[in-house]
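Visitor: The structure that follows is given in the form of structure tokens.
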Amino acid sequence: MTSEPTPATPQNGHITAEDLRIATLGAARITSPLAPLLDARRTTEHYVDTHDRVLLDDTAAGLEARGLPIGDLPGLEPCGPRREIYFDPSKTRAGIVTCGGLCPGLNDVISGLVRTLTYHYGVRRVVGFRNGYQGFISSYGYDVVELTPESVRDIPVDGGTALGTSRGPQDPEEIVDALEQTHLNILFVIGGDGTLRGAMEIERVIRERNLRIAVVGIPKTIDNDIPYIDQSFGFQTAFSRASESIRAVTVEAKSTANGVGLVKLMGRHSGFIACYASLVRSDADAVLIPEVPFSLDGDTGLLAHLHRRVEQRGHAVVVVAEGAGQELFDSDGATDASGNARLSDVGPYLRERIAESFAEAGTETSLRYIDPSYAIRSVPANPYDSVYTVRLSQAAVHAAMSGRTAMVVGRVRRRFVHIPMALAVSRRNQVDPHGDLWMAVLESTGQPWRFGG
Ligand code: ATP
Ligand code: MG
């Protein structure tokens, strides 16, 4: 993932399907040992369709070079500087706001935006709004922060966001009042699905008032749950840090007789961090994600699996995403300030149930439980995510200066592209229980497709 193979370009035009054919030793006739496990689910989606192909050309230019008609193929606009721009840089004022939970890389985005606006375009005024959407609302009394390349130079060293953040709804009319009073031409919003929905409301009011203000988003989600984009910024930092917690709990579990380690990781609706972090060293005996419901009891349940692992290996390690196993609880319908459902805390619940079941079996154990979520959210971006966020912020500036609005920047198949905001919030990216990532986790942990059948 850190290596970046050369993207397919029109230079691929001379390569034929024959050049890409893979040699085989002959027809494959033996049933895979995975078959009983997978077919028990009466599903064939885990298997690769042998006729399927990953296309070599993934741009309109590449297809054109091959002499293929493009027609109305859906395609994403590439990011990058345009020869003609919409805003006159000498008269342009830009604003930046960060909302929602912390995520590694927020400060890199802020500083990348300020630098590109200032150095590349010569924009003279860039301001930051404090503490999320509250920063626009006069009753909170926050002044805007003047941002210059000098003032943002060192902020990426720290995690968090130099501008502050908040949750909770604010009136979009009042936000646009503030944009008008500040004479802003461009607003950059850095935040998750809620923030982007808020940004769409702001953009609607801007349109209704016939204003010429561009709203461009840089999507933030530590859970990697934004659809279409390959990976969100901060995700790699997050799962690297998460893997250290798994390693720590494994060392603890191995150091005592029948030790059990339990790590709760981020992932309210999507288990990407749990999956990736668990694949780092393959220490986990069970990975639990929101996308795959599980049961604890019975021969095929999680607890029986852990007893078997402790018997075989002397210890066991469980990685659970915070949104996993919600089916085990009665929801009380509670929500946070932004209207997000409050999840039941699966970590302590599992700790209790695991401890109980070992006690009932008369197996002496010691159980170590870690919840590193806040420690992970607040770290600075690793070098990979720093590079990624800087490039995203540059792409966002080019898009905004060219007059584009109601869109976010993202990387799709290694290319930086523009994505309409409405599309970016239209659904959630989740681990496909029939896809190759979940398959990789099952192969690594040796756990069944689903605990409890
Ligand atoms: P996270 O990934 O941390 O949840 P988020 O951007 O989704 O990030 P939220 O707290 O849900 O974080 O929302 C951030 C801001 O966006 C809040 O001020 C919230 O009120 C606003 N917001 C959330 N949902 C909507 C919505 N549907 N319409 C308008 N504004 C919204
Ligand atoms: Mg959210």
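Glycine is no exception: its Cβ is also placed from the backbone N, Cα and C atoms.
Source: prediction; values computed, not measured.
TrEMBL lists these features:
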type	residues	note
ACT_SITE	Asp223	active site, proton acceptor
BINDING	Gly101, Arg167, Gly168, Gly192, Asp193, Gly194, Thr195	ATP binding site
BINDING	Asp193	Mg(2+) binding site
BINDING	Thr221, Ile222, Asp223, Met266, Gly267, Arg268, Glu322, Tyr374, Ala375, Ile376, Arg377	substrate binding site
DOMAIN	93-399	domain 'Phosphofructokinase'
SITE	Gly194	site 'Important for substrate specificity'
Visitor: List the binding-site residues Gly101, Arg167, Gly168, Asp193, Thr221, Glu322 whose Cβ sits under 6 Å from any atom of ligand 1, in sequence order.
Guide: Gly101, Arg167, Gly168, Asp193, Thr221
Visitor: What Cα-Cα separation, expressed in whole Å, is found between Gly101 (ATP binding site) and Glu322 (substrate binding site)?
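Guide: So the alpha carbons of Gly101 (ATP binding site) and Glu322 (substrate binding site) sit roughly 15 Å from each other.
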Visitor: Relative to the Cα of Asp223 (active site, proton acceptor), which of the binding-site residues Thr195, Gly267, Ala375 have a Cα no more than 10 Å away?
Guide: Gly267
Visitor: Under a three-state reading of DSSP, tell me whether Asp223 (active site, proton acceptor) is helix, strand or coil.
Guide: coil
Visitor: Non-local Cβ contacts of Gly192 (ATP binding site) (under 8 Å, 6 or more apart, same chain)?
Guide: Cys99, Gly100, Gly101, Pro219, Lys220, Thr221, Ile226
Visitor: Can you tell which of the binding-site residues Arg167, Asp193, Thr195 lies nearest to Gly267 (substrate binding site) in space, using Cα positions?
Guide: Asp193
Visitor: Gly194 (ATP binding site) to Arg377 (substrate binding site): how many Å between their Cα atoms?
Guide: 18
Visitor: Taking just the CA atoms, what is the gap between Arg167 (ATP binding site) and Arg377 (substrate binding site) in Å?
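Guide: Approximately 16 Å lies between the Cα of Arg167 (ATP binding site) and that of Arg377 (substrate binding site).
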Visitor: Looking only at Gly101, Gly168, Gly194, Gly267, which of these binding-site residues has the biggest number of Cβ atoms within 10 Å around its Cβ?
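Guide: Highest number of other Cβ atoms within 10 Å: Gly267.
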